[in-house]
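Asks: Structure below; questions to follow.
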Amino acid sequence: MTSAAITPPTTVDRPMTDPFGRTIDYLRVSITDRCDFRCVYCMAEDMTFLPRADLLTLEELDRLCSAFIAKGVRKLRLTGGEPLVRRNMMSLVRSLSRHLKTGALDELTLTTNGSQLARFAAELADCGVRRVNVSLDTLDPDEFRRITRWGDLERVLAGIDAARTAGLAVKINSVVLKGSNEDEIPSLMRWAHGLGMGLTLIEVMPLGEIGEGRIDQYVPLSLIRARLSANYTLTDLPDSTGGPARYVRVEETGGRLGFITPLTHNFCESCNRVRITCTGTIHTCLGHEDASDLRRPLRASPDDALLSAAIDQAIGSKPKGHDFIIDRRHNRPSVSRHMSVTGG
């Protein structure tokens, strides 16, 4: 794809602000719902994916992202599914990198399972990507296979090595699963910090299909923090990225440890983000079923007037907060869509 025909964003007169005064300057875009893993907390093993014809083209994704950048988005994260499995996705990254060069965008990054990083890390760095988040829940090969169902741990570790060699900063995201990897968190933390990588722990979120097994995966991160505090000195850090994580410095390792706790302590008061699916649906809250179609106005006109108005309307309906709960009585999720569709 080429970016020559795409109008660059103009100067932003006023950033996007939701009804509660929160500035929206962070966009997460799922460029595919497909993935080469089948993580137990993310999707079904026999997952039915969207027909490829339903997905926005790479050119449409570029135009959509650029429209948000023109309206004040400063940070753009590409997600999935697994973003690196989408064919020709690097052409999208290279095209979007023009906004880094003009200064319209501060950061272009992505979240990945790491399986394709060895192949793409150098090119990502060449496009101006400076850091990536890698989803990795365990360093035990057998447990890794149980969690991901299809994954190869050595391939992910090779991808992380390639990313670091290419000069990319790497942060590890780990979903803590009761009876699975909860006892491995200290060793995972020491490994990550030993390589100069941050680690962020995430509570299981009630999205998609949840049965008894899924419900029983949940463990509150307050418990994990208490366990860590018995052997490590955790010092709260005042700095925040404006996102959901709350950080501590682990004095014994010198590394940073984050906690994302949507069930036990939500992060809504400082929410600065919206999510777009690979079909052009905008979700202004991860924990609500709210949705607005941006594909229709995107395709209705060659200019962005209709699209811009639709974005404004969606931002204007962003809720104050979510109500994530795990409904044990009815085995119902708070949100019916899978994380792989919403974008992790």
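All residue numbers here begin at 1 and follow the chain in the order shown.
Backbone N, Cα and C define each Cβ position, glycine as well.
According to Swiss-Prot, the protein has these features:
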- Arg28, Arg77, Thr111, Lys171, Arg273, Val274, Arg275: GTP binding site (BINDING)
- Cys35, Cys39, Cys42: [4Fe-4S] cluster 1 binding site (BINDING)
- Tyr41, Gly81, Ser135, Met205: S-adenosyl-L-methionine binding site (BINDING)
- Cys268, Cys271, Cys285: [4Fe-4S] cluster 2 binding site (BINDING)
- 19-239: domain 'Radical SAM core' (DOMAIN)
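I would like each feature placed in context: is it buried or exposed, what are its neighbours, and how far apart are things?
Replies: Secondary structure from DSSP puts Val274 (GTP binding site) in a beta strand. The Cβ of Val274 (GTP binding site) has 24 neighbouring Cβ atoms from other residues within 10 Å, across all protein chains displayed.
All protein chains included, Ser135 (S-adenosyl-L-methionine binding site) registers 21 other Cβ atoms within 10 Å of its own Cβ.
DSSP classifies Cys285 ([4Fe-4S] cluster 2 binding site) as coil under the three-state reduction.
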Asks: Determine, from DSSP, whether Gly81 (S-adenosyl-L-methionine binding site) sits in helix, strand or coil.
Replies: coil
Asks: Around Lys171 (GTP binding site), which residues of its chain at least 6 apart sit with Cβ under 8 Å of its Cβ?
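Replies: In sequence order, the residues whose Cβ lies under 8 Å from that of Lys171 (GTP binding site) (at least 6 apart) are Arg131, Val132, Asn133, Val134, Met197, Gly198, Leu199, Thr200.
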Asks: Whole-number Å only: compute the distance from the Cα of Arg273 (GTP binding site) to the Cα of Cys285 ([4Fe-4S] cluster 2 binding site).
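Replies: About 8 Å separates the two Cα atoms.
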Asks: On the Cα atoms of Arg28, Arg77, Thr111, Lys171, Arg273, Val274, Arg275, which are listed as binding GTP, what is the maximum pairwise distance in Å?
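Replies: If we measure all Cα pairs in Arg28, Arg77, Thr111, Lys171, Arg273, Val274, Arg275, the largest is 21 Å.
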Asks: What's the CA to CA span in angstrom from Ser135 (S-adenosyl-L-methionine binding site) over to Cys285 ([4Fe-4S] cluster 2 binding site)?
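Replies: Cα-Cα distance, Ser135 (S-adenosyl-L-methionine binding site) to Cys285 ([4Fe-4S] cluster 2 binding site): 21 Å.
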Asks: Which of these binding-site residues is closest to Gly81 (S-adenosyl-L-methionine binding site) if you go by CA atoms: Cys42, Cys271, Arg275, Cys285?
Replies: Cys42
